[in-house]
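According to TrEMBL, the features are:
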BINDING   B:His61  heme binding site
TRANSMEM  B:12-34  transmembrane segment
TRANSMEM  B:46-63  transmembrane segment
TRANSMEM  B:84-101  transmembrane segment
Amino acid sequence: MTTPEIAQPRSSTRAVSLKGGGRNRSGQTNFELYSWLFMRLSGLALVVLVLGHLFVNLMLGGGITALDFGFVAGKWANPLWQVWDLLMLWLAMLHGTNGLRTITNDYAEKDQTRFWLKALLITASIVIVVLGTLVIFTFDPCLDPSSTLSVCSK
Amino acid sequence: MWSWVAHRITGVGIFFFLLVHVLDTALVRVSPAAYNEVIGTYKNPIIGLLEVGLVAAILFHAFNGIRLILVDFWAKGPRYQRQMMIGVGVVWVVLFVPFVIRHLSHVFGG
């Protein structure tokens, strides 16, 4: 029988093996800690971003009846709303993806099922975040021939 | 316990709406007509009622989330978690009632 090699506490070999990779003593990263903290910080920001979004789009003016291409064009003519929507998109998608990851880890018991569900989740999330970001940055208000925005009146 | 379950259920529901909502908004890159047609379905009375459900879920998730943050980070949070649950209910009603009145009067053309 061979005795497993266990380094002395505080010996140099042990210190080296614990260093790097952001890993703690049990050989795990702090990923779950940062994810827990991110849910709380992004959640706080999202309360303001999402409730502000709902108030401006559904409560002010004509509410849902006023929503059309011109409404979006008018909003995104203002850099404040571009930044607002971009932040909301990224934070909400990361917050939601991380939440579904936690739920998948809790309820999908088979390794295979868990792996494929998370692969699907992450793929879908990347597609949506990239698409949404491109839409905000490449939006062209003058696609609408009847646009009354000053940028289109040339 | 039930608030923990409700937080998960509302969270999953909001997430799937978000996926669809980014896709429908992406139609502004296709054409004004395509966007207007699809956003028009959101003005339909049945979908209008689903939007009331969506906002109900968002308001619960938002304020229950703030309660969770206070339980985790505020020293007295765990002691007052029950009172804070009542607070979540009060804030929920105060914001939800005006929303329902205004939104349904838009949807049903009041």
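Heads up, the Cβ atoms here are built off N, Cα and C, so glycines get one too.
In TrEMBL, annotation is done automatically, which means it is predicted and not curated.
Not measured: the values here are computed from a predicted model.
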Next on the checklist: Return the count of C-beta atoms lying within 10 angstroms of the C-beta of B:His61 (heme binding site), excluding that atom itself.
Outcome noted: 22
Checklist entry - Which bits of the chain, at least 6 residues beyond where the transmembrane segment (B:84-101) starts or stops, bring a Cβ under 8 A of a Cβ in it? => result 3, 52, 55-56, 59-60, 63-64, 66-67, 70-71, 77
